[in-house]
Amino acid sequence: MLNVPSQSFPAPSSQQRVAAIGRSKVPLKPGRSLMDWIRLTKSGKDLTGLKGRLIDVTEEELAQHNKKEDCWICIRGMVYNITPYMEYHPGGEEELMKAAGRDGTDLFDQVHRWVNYESMLKECLIGRMAIKHVSISKEVTSVENKMNKHLNGSVASSKMSRTSSKESHPWYDWFQTESLVTVAVYTKMKNVCSELVIVDHLENVLRGEIIIGDYSYLLHSELSHPVQKDIEVKVSATAGKIEIKMKKKEPVSWKSLGQPMDGHNSFLKHSQRGLYYRKCRLASKTDINYNTKLFCVQLPQGCHLQVPVGHHIYLKMNISGVDIVKPYTPVASCLLPDAQYSTFCNKQCLYLMIKIYPNGSITPHLENLTVGDYISISNPQGTFSSFQIENVMDVFLVAAGTGITPMIRLLQHVLTCVSSLRKAKLIFFNKKEEDILWKEQVEELSLADKRFEAQLILSEPSVKWTGYRGQISYSLLNESILRTEEGSKILICICGPNAFVDQGISFLQDLGFSKEEVFAFRE
């Protein structure tokens, strides 16, 4: 029997409920809470209308189910009948109908980022979207198989059939020596970077995903023979080539790379892939201030994962029978540049700055974790591109509270790697002085690098505070955001609670900054 907690979920003052302020919410009927939905999904009732069958759904068929009484949506390539969920949605039927009969991935990412839709809607799953993705044949002809024998296990991928309407797409070869197996992926794209390559080797299953613009190429295979846990990933940026090297446990000759698994050799829209999680070990947990901690999370052996600047990961925990997910942007263990190279560049660790909410849906559980416990972390997600800071001269980072997290590595990156930079300014809003995260380090950095300036603003300062006071406003931003020279390339990033971000964007638009000059990170 489901053990239902007495308090509502999420808790009344949790960040999830607070974050919903500003979105349209409707009163739910009695018996239509999240916990009531969980009870319904566990009741055994057929919520799909297909009596347990899973089907492939075409775009045309999906579009036909676009009514309140018959509503299907697609989320990351999977199709759900959300008709029975309509009355349980806190945003109301109108919000869900925005994605009726079409792809609702963006809608769920915006409104339900804190809930794992795969768990919440698993009893509503109808099947997989029959996506017209770029795929490479899993099988080669018998003639090609004969050729492979002369290639020492190399898959003659160049001869594989291609069903792509695209002019170019990735393909792969593999080859072996007595002690080593190498998988080579050819992306046909220059300037491939290591951060766009995610590889996991777990229990003799190799999963490699390469992000190419809005698309994703996936290798997914159960290997023919055991290999050592640790893998090596080499990226040749100019050639657009990626090599995954694995050491054999036994010096035997492989006849094939292995058994293809779900999604192997596919090339499709990144948004259509489900999030992939791996279990990571909590290595340390330290206090930053009275309510915020720095978590150091160790990636498992055989995992190659580097989070691009400005991107986040999802952290997942199972709470009261529901998989709760929450986005967090990795930071460095210290704001100062010297520490960046000694800590964050340990590619097997991620650092997460997390504010603990006593009545939050997930952070109290994170606070109770001890060193050695495991949590699940997803592949990186995000839309920020490093091209946005190429040749930039002025960077302004507008943050409120833990909205500073995406700014930390971005600040380090522009100060270290952008030669055109003339000015980087952090405009940091908090309530009280004790809320200012890494205050001493911010001040040290401003002394260490003359290009960096910090403007600390408090809305509820003590009488001893001599700095800036107030809240985000048109006049404050007008006085604080000034180009170093007329016509200089500028980037303004903003992050914080939704209301803060919405206000800030409105003020910046009124000040005449273009959409290309403003980027919003959403908490």
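All residue numbers here begin at 1 and follow the chain in the order shown.
In case you wondered, yes, glycine gets a Cβ from its N, Cα and C as well.
Source: prediction; values computed, not measured.
In Swiss-Prot this protein carries:
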DOMAIN    54-130  domain 'Cytochrome b5 heme-binding'
BINDING   H89, H112  heme binding site
DOMAIN    167-258  domain 'CS'
DOMAIN    275-387  domain 'FAD-binding FR-type'
BINDING   367-382, 394-426  FAD binding site
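Here the domain 'FAD-binding FR-type' (275-387) is broken down by DSSP into helix, strand and coil counts: 15 helix, 50 strand, 48 coil. Looking at S420 (FAD binding site) and H89 (heme binding site), their Cα atoms lie 48 Å from each other. Note on the binding-site residues Q381, S420: the fewest other CB atoms within 10 A surround the CB of S420.
The most densely surrounded of the binding-site residues Y374, P406, judged by C-beta neighbours within 10 angstroms, is P406. With DSSP classes pooled into helix, strand and coil, the tally for the domain 'CS' (167-258) is 3 helix, 55 strand, 34 coil.
A sphere of 10 angstroms centred on the C-beta of E367 (FAD binding site) encloses 16 other C-beta atoms. Regional average pLDDT for the domain 'FAD-binding FR-type' (275-387) in the model is 90.
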